[in-house]
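Right, one structure below, let's go through it.
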Amino acid sequence: MRLALLALRLMCLAWLWPLTHNSSHSANKRRHKEQFGESTKQKHGGRIDLKLKKLDSTKSLLIKSEQLLRIEDHDFAMRPGFGGSAIPVGIDVQVESIDGISEVNMDFTMTLYLRHYWQDDRLAFPSSSNKSRTFDARLVKKIWVPDVFFVHSKRSFIHDTTMENIMLRVFPDGNILYSVRITVTALCSMDFSSFPLDTQNCSLELESYAYNENDLMLYWKNGNDSLRTDEIVLSQFFVEDFQPSYGLAFYSSTGWYNRLYINFILRRHIFFFMLQTYFPTMLMVMLSWVSFWIDRRAVPARVSLGITTVLTMSTIITGVSASMPQVSYVKAVDIYLWASFLFVFLSVIEYAAVNYFTTVEEMKKLRRAKIPDSYDTNQAMAFDGCFHDNDIDLTPFPDTTSTSNTERNTQSRNSTVSGPTEGTRLRRKHPLLQNLSFIMSNSYMIDSYSRVIFPMAYLLFNIIYWSMYA
């Protein structure tokens, strides 16, 4: 009986063993799949890649490019051909725009495309189609590039919208094109002696910072055709000429360096300054001449007109000086403004002289005349600062013609009778003094002469000025 029960148990175990083995194998397989799936999600950011054995195409291309150029096999901290002759680096520049010119800071801002050409055999690669490969700034940081900088630059930057504006193109034979888009603000030594009728010569200078002429040779890639420009329009200047040139620069501690120059000539537009400075100045000078036609006794009118023109000229001079650098020499606009200011100032002085001579003349008449007791001199001077003949009862003067003829006849008779006594000296009055005394006694003639002398003198000044600077 016991044997029969034991045999029955063995048969049951033999029948259940395959089922338990298959269930444990499927559980282990399911557990391994879940673990691999979680690791795949973590690696790919929660995204399950159905083709696990296939590599990412972008990643494989980057690896192939680095392997193709053998970047890891060389030390790119050293220049190509280190220890040998200087490496030639060609330069090509395309000027996009001149963004601004500042006379106060004596600088200019320019945006340009700077292209470098050189050969590095370390980057040569085999190619059946002989096509170049183009890269961006990420590969530039791993290879050697020329260290060109701008001499006398104040500020400069490489544009980085939307990515850094850097392009690297490698050819199968190792030739390299490296292009960057740069905005630079550089010094321009300006001469304002002829401002605003001036022409400025500015230059942008390129030079290697670390490598002298024994290690690196800068040159213009295509000669004079290496410098190209777009159509440049400026508000105050006209760009006359762009010209590349070449030179050497010496530093006492490091030696000689190759230097490239981008020369351009700027000619200033005069029309803006004609409207803002020259025409208002001319009008103020001519306005000051109006006082010559105003009655000399109208003191308030002539004084207020003269002071107004003087103050207006001072305002124009101050406004022009505020927009200019503080230079120690005289500019062309300064000559014109101060000469015009002198004409305006002299018109005020002219009336001061007229008023003074008029007062002196009337005072002499008052001394010769009989002044009534009821005449108030202070009241007469209050209106315009001079006496008036109408308020005074003047006795009529004797006939000057008859008196002069009588005296002349008497002197002629006396001269025939007796000559000059011994020891006396005959003196003749100087004609200049006579004319001066005549003008002083007739002060109204000063205005008459000023109406002609002032315009003619100012016209002569303008002819000389514009012939010299225009």
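Note that Cβ sites are derived from N, Cα and C of the backbone, with glycine treated the same way.
No curator has checked TrEMBL annotations; they are predicted automatically.
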Among 135-155, 177-197, 303-323, TrEMBL lists transmembrane segment at 303-323
With the transmembrane segment (335-358) as the reference, find which of 270-291, 303-323, 449-468 contributes the most Cβ pairs under 8 Å. 303-323
The average per-residue pLDDT within the domain 'Neurotransmitter-gated ion-channel ligand-binding' (71-269) comes out at 92
